[in-house]
Amino acid sequence: MTSEKEQFLGFASVVYNKPLDSENPYRFWTRVSIKGFSPSGTKAVTVSCPESPEQNMETVGAGVPLFILFSLAALWNTGAQDSCSSQCGKLLGACSCQEICQSLGTCCPDYNEFCLHISPYSGSLMGGKDFLIENTAFNTSVLMCRFKQQVITSGYVDKDGKAHCLSPLLYETGFIPFEVSTDGGLTFPYSGTWLSVHHSKVSGGEKCTLVNETKWQYYGTPGTGGNLTLTWTHQALAASHINIEVWGYQETGDSYSENWLAEWKYLYTLAREAPNTGTFSFIPVPAEANYNTWDFGILRITPSTYSDGQSNTPSIWSPAHALAWHLGEDFRNKPAAWATAKCIEWDREEEKLPNFMEEIIDCPCTLAQARADTGRFHTDYGCDIEKGSVCTYHPGAVHCVRAIQASPQYRAGQQCCYDSTGTQILTQDSTGGSTPDRGHDWGAPPFLKPPRIPAFSHWLYDVISFYYCCLWSDNCHFYMKNRPSSDCRTYRPPRAASAFGDPHFLTFDGLNFTFKGQGEYILVESDLTSLRVQGRTQQARFPNGTQAQVTGLSAVAMQENNSDVIEVRYSEDLNLEVLLNQKVVNFSEQSWMDLEGLFLHSTDDQKVTVMFSSGSGVEIRGSGGFLTLTVLLPEKFMNHTQGLFGVMNGNTEDEFTFKNKTTMSVHASPQQLFEFGASWAVENGTSLFTYDTETLLNDYFYGEKHNASFLPVFHPHEDPADPLVEEMVSLCDSDPFCRFDVLTTRSLQVGNFTRLSHQNHKQLVESLEPVISCGWLGPPANGRKDGTNYLLGSAIHFTCNQGYELAGTKERICQATGAWSGDSPSCILRSDIKQVIALACVFGVVGLAVVTRLILLYRKERHRAKQKLVSKEPVTSQQGRARLPDEFSMKHGESIAEG
C-alpha cells in the first residue's frame, strides 16, 4: 500500500441541481458525483455546494468558480490512496469503509482486506468459540485477536490458509468490536464485530448437556444418587482427548460499590485425557475442602493439549447450574440442615442490602396484558406457552414474562407468571408465583460489574437462594419474604398506535384516517426521550405490475436518544431486511440481540420488535409487500408526542396538529388530510434512513421528501357490476380499510393483509384495556380462603379451621374503587367464644344492677332538692300559686300537687 498519487483518470457529473429561490434563478444547490479510476481500483466521491440545500450560495458569477475549484480539488484527492486500515465503518474523504459502500460502488479498494466478515458471527459470552475470517487471507501463521481493545486471544491460520480467532470470556452481551494483528501486536489494522450472547440463548449444539439436569442439581439429597452423564457434540472440538473442568462463579467486594467485582474461577479438573467421544459418565464424590463450598458454577470441556484452567482456549461449556453433586460431606450427610443454614444466612444478607422492590416496574394484571405490552415485557424462556409451558421453577404457571429493562438504580428485574385462566400467580399464594429479581436475568448495560452480569448475577442472588430455601429445604417462606410478587395495582398499560395497508393510521387516542402520501414522514417523535420513528411510503402496484395511485409503508426507521438506529424495510426484491446502523443484520444464528439503548428481536414469521430503554416498543410485520407498524408508548409519554400518530393525550380533537402547531378539524376531507400528512415530511438532516441504492438516492435522498406531484385516489369507486366487488364483500364484510385497499390495489391479498392487521390492532387495544386490581387478600389466622383472583368483580370466600368460628365478612368482592367490600375476617376458637359469651352475660348483669342503683339514687336526690326548694317559699292558695314563675311550674308542678 502506498500513499503516493497514482496516474489517475476521472470524470465528474452533476447528479442534482435544485433551485433555492423561485424568485432568483441564480441561486441554486448543486451536487456533483466524481469517480476516479486508477490502477488500484475505482474511487468515488460526492460533493455539494453548498453542503445542503438549506444553505445559501452566491450568484453564479461568484459561486461557480469556487465550486469548480472545490470539485477539482475533490477530484484530485480521489487519486490519494485512502485506506480502510483501522478505518472500518467510517466514511473517508475519497471513498468509504462503511457497509453500504458495497452496494453503492464507493468502497475503498482495500475494503474487503481490512473490514472482516466472520462465520459464525455469535457465541456465548463464556468464550472459547472458534470463528472463521471469511474474506481475508493472511500471509502469516500467527495471529493475535483483540476484543474491545483489551482482551487478547490467540488466532491461527488453518491448512487452507483461512484465518481463525477464538472468542474470549466476556462479562457482557452485544456486538463487541475486535481487531486482528499479524505483526505480534504492534498494529491491529483489521477489524470486525463479534456478537456476545447470553449463555442460555446459544444453540444446543454449542453447549454440552447435563443428562437429567434435575438429578445433577439435587444430587446428594434423599433419593438422588448414582451415575451422572454429560454429553456434547464431539466434532465441535478438534481433539482426540479432552479435559473436563469445574469452574465457579463469585462476586466479591462491597455491594453496589466500585469494588464490587465478578469472577469466573477455575476450581479443578474433573476428568483428564478422556476420549472425545461425546459422552462422559462418573459417580460424583465430594470435592476437596478448598472447593466444595462453591455451590454455583459450570463445566468446561477443552482439548487435553491445553493446561488446566488456561484462559481463551477452544471450549464447550455446560449450562450454569447448582453444584449439588460436588458439595462436601456436610451437605450429603444432612442436606436439609445445610441448606437451611445457607437460607438463613442469605436472608440475613438480604436485610443488609437496599430495597430494590420500590423501583421495579409492576406486573401486568393479566396474561393478555403481559403478552401485549411488548415494549416492556418479553417471554421468559424458562416458562413459555409457545413451547409447551415447561415451567420448572413455577409450578402451576403456563407462561411467564420478564421486564425487559433493568430498574434504574439497582438494575433489578421483574418476573410475572400466569396460570391457565390468565390470572397472575402470586408468591403469597403459591411457590410458582411471580418473583422479582435482585439481578436481572438478562443483565443491564453497561454490564461488566455486579449485579449487571447477564445470567450469572441473577443466579447468584435469586436462583441459588431458591435452591437453599425452597428446593433443598422447607424454608420457602424466607425466600418469598424477600421476593414477594407485585400484585399489579400500580401497573398502567401502554397506548398503541398502528399503520398498515394503503396506509391507514390508528392513533394513540383512537382516531383513524388514511394518508396516501409518497415520501418519508415523521410517524411519531417525542421530546421526552428524543424518540423518533419515521416511515417511508412507496407507490403500490396492481397485480399486473403497473403502478396504482396509492402507497404503502415500505420502510420504518427509529432511534431514541443516542441509541443504535434500527431500520426495517422491504428490499427491491421484496425481502424483509433489518438494518443496524446502516448494516443488514443476519438473524440466522440469533433472534435476540442486546444493542446500544435497545433490544432487538425477530421471529420466523417476519415480525421484528424493537424495545427501547424508555419502555417504548415498536413492532413491524411484513405483510404482502407493505409493512404493518405498531408503536407502544408508556403512560409517561402523555402530552409528549407529535407526528402522524398525533398528540397522545386522550383527546382526539387535536390529533391533526401540524408541525407548526396549528390544528385541523377531525372531520377534515381526505384532500385536507393529504396536506396534514405532507407537513410531517422528514428533512434530510434528520433522516434516519439508509440510502444504499441508486433508486433510494434518486427517489428519496435527492428527491423531495414529500412528492407533491403524486395525487392518490381519495375516493375509490365501488361498482356493483365489478366482479371483484362480490369477492371483496365476502372477504372484508364491513371492514372499511379492507374494502378500500381491495378497490385501490385490485388485490384481495392486499385487502386480506389489511383486514388481519386491523383485527390485530383491535385485539391489541382490547388486551391493553386497564384492569382494576384490589390487591392480594390473605386468609385469616387459623383459617382458609377460596380464590386467588384479585381483579374487579372477583370474590374471595373465607372459612375457618375446625374448632374455630368466623367473625366478620365471609365473602369480600373487588369493587370498582379498587377496594375490597366488607371487613377483614378473623377466626376465633370456639371455647373462646363461649367464654366471651359468659363474660358478656356476667358483665351484663352487673352492669344492669349498677345502672339501676344509679337511677334510684338519682331520683332520690332529685326529690330531696324539690322538697328543699318548696320549703323556702310556701304557697298555700291558688292565687299565690298562680304567681309562681312559669318555669318553676313546669319543672315542679307535679311534685307540688302531690305534696
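Quick reminder: no glycine exception, Cβ is built from N, Cα and C everywhere.
What TrEMBL says about a protein is an automatic prediction, not a curated fact.
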Cross-link partner of CYS800 (disulfide, per TrEMBL) out of CYS738, CYS827, CYS841:
CYS827
Cβ pairs under 8 Å only, please: of the recorded stretches 80-119, 335-483, 495-688, which one is richest in them relative to the domain 'Sushi' (772-829)?
335-483
Count of other CB atoms lying within 10 Å of the CB belonging to CYS827 (disulfide bond):
20
With helix taken as DSSP H, G or I, strand as E or B and everything else coil, how many residues of the domain 'SMB' (80-119) land in each class?
8 helix, 6 strand, 26 coil
